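Database features, via Swiss-Prot:
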- ASP53: active site, nucleophile (ACT_SITE)
- TYR111: substrate binding site (BINDING)
Amino acid sequence: MVRYKATISYDGTLFSGFQRQRHLRTVQEEIEKTLYKLNNGTKIIIHGAGRTDAGVHAYGQVIHFDLPQEQEVEKLRFALDTQTPEDIDVVNIEKVADDFHCRYQKHLKTYEFLVDNGRPKNPMMRHYTTHYPYTLNIKLMQDAINGLVGTHDFTGFTAAGTSVQNKVRTITKATVSRDEKTDFLVFTFSGNGFLYKQVRNMVGTLLKIGNGQMPVEQVKVILSSKNRQLAGPTISGNGLYLKEICYEN
């Protein structure tokens, strides 16, 4: 068997997330169906570096899969790209070592979250940004977001019911700025891993701070108390993008 690593992008609007689910359309299912056709009915299982939720998009999701025979990578990329649905793009494919695993290999993930703060909202972007029509103080959010950088237990920012035991993660970059062209707010987070709905919960909290409903110090309070009830709401995922995954070595 030969192992391949692929970088893919997708519009998450019509997907029920990345991971295969019974009777639901997912990114994993569509790619596996295409690989099945390309390999004469051989079942191929793909593995993803991140499991994006319904409606969440990706510019740089990484997957890996094993094929029975070695193939020329550009021909494989082109075939997979042209035969998957229009809302999936296969950006790059490369042959990797047999022990490479896109999820467990040490890596850095970057997520981006777009917020339309306009009144009225931009209806053309309703699937690609999350609308927040209330007044926001970006300076307050910038002060608060700095408290997320570093190694912390992010229990207070994860969704209830997660099966993950170790909730310590390291965030190396956390910024918020306003895009001058679109006027959207752009939240960017880079780190060695993120918990279930962590990014959406962090953005929901920062918006509350920007609106004056929570103090700037609330981020540190949530981290120290590990209390999800003290954080903001889980904001809708249509503004969330898995932007990039960088592997060591």
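Cβ atoms here come from the backbone N, Cα and C positions, even for glycine.
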Distant-in-sequence Cβ neighbours of TYR111 (substrate binding site), under 8 Å, six or more positions away: THR188, PHE189, SER190, PHE194, VAL199, LEU240, TYR241, LEU242, LYS243
Three-state secondary structure, which DSSP defines for ASP53 (active site, nucleophile): coil
For ASP53 (active site, nucleophile): intrachain residues, at least 6 apart, with Cβ closer than 8 Å: GLY17, LYS197, GLY237, LEU240
